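Each remark here refers to the structure printed beneath this line.
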Amino acid sequence: MQTLQTTSLRVADNQLFILDQQALPQEKRWLDASTVEALVGHIHALRVRGAPLIGLSASLLLALLAENGHSRDQLAVALDTLRASRPTAVNLMNNLDRMKQALWQEDFVPALVTEALRLIEEDKQLCDAIARAGSQLVKPGSRLLTHCNTGGLATAGVGTALGVIAHAFAAGNVNNVWVDETRPLLQGGRLTAWELGELGVPYQLITDSMAASLMAKGQVDAVWVGADRIAANGDVANKIGTYSLAVLAKFHGIPFYVAAPQTTLDPHCPNGEAIPIEQRDAREVTGVAGSFGAVQWAPENAQVYNPAFDVTPAALISGWVLDTGVVLPEAVEQGVFKSSAV
């Protein structure tokens, strides 16, 4: 396969490398992800993360394994293993469905390579389209609040919600971005703050619990988040804490927008209750670890509830910004997401 580079993925010498997102921002470190076991380990540890990026990394790995001599049967097993690595992220399932179709073509090796590269290019185009559509909703002088990380680190392109923010900033319409730290793994404080700094976008970092105070003081004009899965009724699964922000935004009369590509839609999932929610390791809540070392602050035997995602009901969402344009609540109520052709 040709040499390839995105913000978080690299292909060189027919090997896949991922940017270690657990080491950022202190260290920019590339890790080998050239086996199924390695990539699944990176996904579980969130060294590679973001629904679009997970699907793209899995697709690239399958193509590289095919080029490196794996049989069709071996690739089928690898595909199923990768599919199970992150159950909430529907982009992974959608991408692997396309790779599975390529796998069963007669000349499956070039078919897999072509499909993986096509997915990368499509994601870049989807991100650009989302940014253009969403930036039309950002008014001059806006102070925006965002959650988790939805930029180039999570996609092959400019990102989803963060791509909208960057595009709107380039148009002169963003005065400030409130970045909530996004407990427990601090994707906002570590990754979004880093990306905004690289882009020159003015931001202020806050703890998650400060959002309500800012909204009450009139300091937030809109909330922008991404999505890991959008159900047929418009319910959205996203990083834990998204639902809290949606409730707060609704109470304070603040627009709450979800930015995602069509690959995040799941027309076969009727509502948020049907979305599987991953439960993660208690140690993510009882302490923190990074390139600086590890610290534990909770009692040794503390019982922990640690879902990776929550579900935001469609009734709390002002608009779903897709690569095809902005979808308003009225269209969702009429069933627009029940068909994959939005």
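Note that Cβ sites are derived from N, Cα and C of the backbone, with glycine treated the same way.
Within the same chain, residues at least 6 positions away in sequence whose Cβ sits under 8 Å from that of GLN187 (substrate binding site) are GLN21, ARG49, CYS148, ASN149, LYS239. For the recorded site, GLN187 (substrate binding site), the DSSP three-state label reads helix. Among the features that Swiss-Prot reports, substrate binding site is placed at ARG49, GLY50, ALA51, ARG86, GLN187, ASN238, LYS239.
The annotation site 'Transition state stabilizer' is assigned in Swiss-Prot to CYS148 on the grounds of sequence analysis. In the three-state DSSP scheme, CYS148 (site 'Transition state stabilizer') falls into the coil class.
The active site, proton donor annotation in Swiss-Prot covers ASP228, and the record cites sequence analysis as its basis. In this view, ASP228 (active site, proton donor) is surrounded by 28 other Cβ atoms within 10 Å of its Cβ, with every protein chain counted.
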Count the other Cβ atoms sitting within 10 Å of the Cβ of ARG86 (substrate binding site), across every protein chain shown.
25
What other residues of this chain sit with their CB within 8 A of the center of the CB atoms of ARG49, GLY50, ALA51, ARG86, GLN187, ASN238, LYS239, the recorded substrate site?
ILE54, ALA89, CYS148, ASN149, ALA154, GLY226, ASP228, ALA308, PHE309
Spatial separation of ASP228 (active site, proton donor) from GLY50 (substrate binding site) - C-alpha basis, Å:
8
Here the binding-site residues are ARG49, LYS239; which one has the lowest number of other Cβ atoms no more than 10 Å from its Cβ?
LYS239
